[in-house]
Amino acid sequence: MAKYTREDIEKLVKEENVKYIRLQFTDILGTIKNVEIPVSQLGKALDNKVMFDGSSIEGFVRIEESDMYLYPDLNTFVIFPWTAEKGKVARFICDIYNPDGTPFEGDPRNNLKRILKEMEDLGFSDFNLGPEPEFFLFKLDEKGEPTLELNDKGGYFDLAPTDLGENCRRDIVLELEEMGFEIEASHHEVAPGQHEIDFKYAGAVRSCDDIQTFKLVVKTIARKHGLHATFMPKPLFGVNGSGMHCNLSLFKNGVNAFFDENADLQLSETAKHFIAGIVKHATSFTAVTNPTVNSYKRLVPGYEAPCYVAWSAQNRSPLIRIPASRGISTRVEVRSVDPAANPYLALSVLLAAGLDGIKNKLEAPAPIDRNIYVMSKEERMENGIVDLPATLAEALEEFKSNEVMVKALGEHLFEHFIEAKEIEWDMFRTQVHPWEREQYMSQY
């Protein structure tokens with residue numbers, strides 16, 4: 001049931017002096033886009049009559065089929081806490097529809113709903129996500145452009161005066177709470193200038209909406225503090241990168257399908273099949289969960305990011321960890337995902353991988369309770385531990401050869417995603433980087 005009715009929204013915008021409405025959506029690369037309308041056009045928006053040119057959006061449609069419609073999700077209505085000069089701004093997150101009234105297959109949000117329908121057909125009622133997005137704060141220069149100077153030199157769980165981002169982080173939390181977020185914790189992360197704010201899990205679509213809103217709020221409030229917030233996975237060499245650990249759980253009629261108090265580790269057969277599916281498809285879905293050239297600079301040994309496909313209930317070196325909580329809180333934590341990922345697409349491939357394990361009753365390998373980082377290559381091979389792709393190019397090749405993952409995106413999204421990412425890789429591959437000049441200019 002919607003949090004607001006149409007009548008509630010029309011009343012609120014008058015009472016709160018809302019002057020503009022943002023109709024937001026997400027493109028294939030995970031970038032937030034919007035069409036902004038004056039409040040006088042609210043009725044038109046609520047009638048699903050607002051059009052936009054889909055050919056101008058990365059991965060949408062060709063110019064000869066460009067008309068698309070924005071259908072606002074009333075559940076996502078919120079008034080931004082910060083006020084513009086001429087009045088308040090509210091927003092809806094929208095689904096994209098074709099002119100004939102059918103969902104647009106290139107809309108990442110619609111795609112996640114399609115995979116959730118497949119989940120429901122298997123008898124499950126809910127798929128929850130608890131994300132842990134990390135970000136860096138850099139100083140701005142006098143022109144308002146980002147610099148490479150970090151805001152502080154703090155470390156894990158530091159506090160002021162070492163943690164100079166504390167006030168900015170607090171303001172972000174307050175703004176998020178005003179927008180309906182339930183914030184569980186916030187703290188300084190391992191690297192200098194790195195931060196994490198954890199918010200409560202929610203259903204799959206709502207949680208992905210929250211991730212997109214979170215990124216927008218973090219960047220907006222950081223700029224008010226003279227800072228630039230980035231969710232780039234590895235902005236600096238020699239320090240930890242930013243991840244977005246994803247805590248996943250399946251429910252059946254209000255009961256956590258991953259929990260069985262009488263089973264080994266109190267993990268149900270459903271949970272073990274789900275883990276097996278994640279393990280089987282990990283090297284393929286990495287192209288979506290870690291979608292940039294820079295993502296693979298994070299997935300290297302020594303910086304607490306997973307490089308190897310394994311699972312454990314005890315240690316944090318594998319791809320998959322099972323946190324200690326049980327009962328309704330039983331969950332599978334996938335640790336490779338980074339915050340550059342399009343959350344709707346990332347969750348689509350993660351759910352599809354897990355469901356494939358459940359449908360085919362795949363057997364999970366034995367858990368690995370040793371520190372994988374110190375194991376030799378031979379030891380890893382003996383234990384059936386494979387490496388995650390080392391580059392975006394490797395990840396794309398793995399992805400293209402996996403039928404389950406291709407179907408998880410659907411033909412339209414798959415083709416446009418691959419096209420965009422192969423162009424990105426080729427641009428990187430042919431670029432001459434500063435390291436090369438430093439290494440070779442004098443030597444040769």
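Just so it is clear, glycine is given a Cβ too, placed from its N, Cα and C backbone atoms.
Positions annotated as Mg(2+) 1 binding site by Swiss-Prot: Glu132, His245, Glu333. Every protein chain shown contributes to the tally, and the Cβ of Glu333 (Mg(2+) 1 binding site) ends up with 19 other Cβ atoms within 10 Å.
In the three-state DSSP reading, Glu189 (Mg(2+) 2 binding site) counts as coil. Feature annotation from Swiss-Prot assigns Mg(2+) 2 binding site to Glu134, Glu189, Glu196.
Taken from Swiss-Prot, the feature ATP binding site applies to Glu184, Ser249, Arg316, Arg321. There are 14 other Cβ atoms within 10 Å of the Cβ belonging to Arg316 (ATP binding site).
In the three-state DSSP classification, Asn240 (L-glutamate binding site) falls within coil. As annotated by Swiss-Prot, L-glutamate binding site applies to Asn240, Gly241, Arg298, Glu304, Arg316, Arg335.
Residues annotated as domain 'GS beta-grasp' in Swiss-Prot: 16-101. With helix defined as DSSP H, G or I and strand as E or B, the domain 'GS beta-grasp' (16-101) counts 14 helix, 45 strand, 27 coil.
Taken from Swiss-Prot, the feature domain 'GS catalytic' covers 108-444, and the record attributes it to sequence analysis. In the predicted model, residues of the domain 'GS catalytic' (108-444) average a pLDDT of 92.
Look at Swiss-Prot and you will find Arg62 tagged as site 'Important for inhibition by glutamine'.
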Rounded inter-Cα distance in Å - Glu184 (ATP binding site), Arg298 (L-glutamate binding site): 26
Long-range Cβ environment of Arg321 (ATP binding site), under 8 Å and at least 6 residues apart: Trp311, Ser312, Ala313, Asn315, Glu333, Arg335
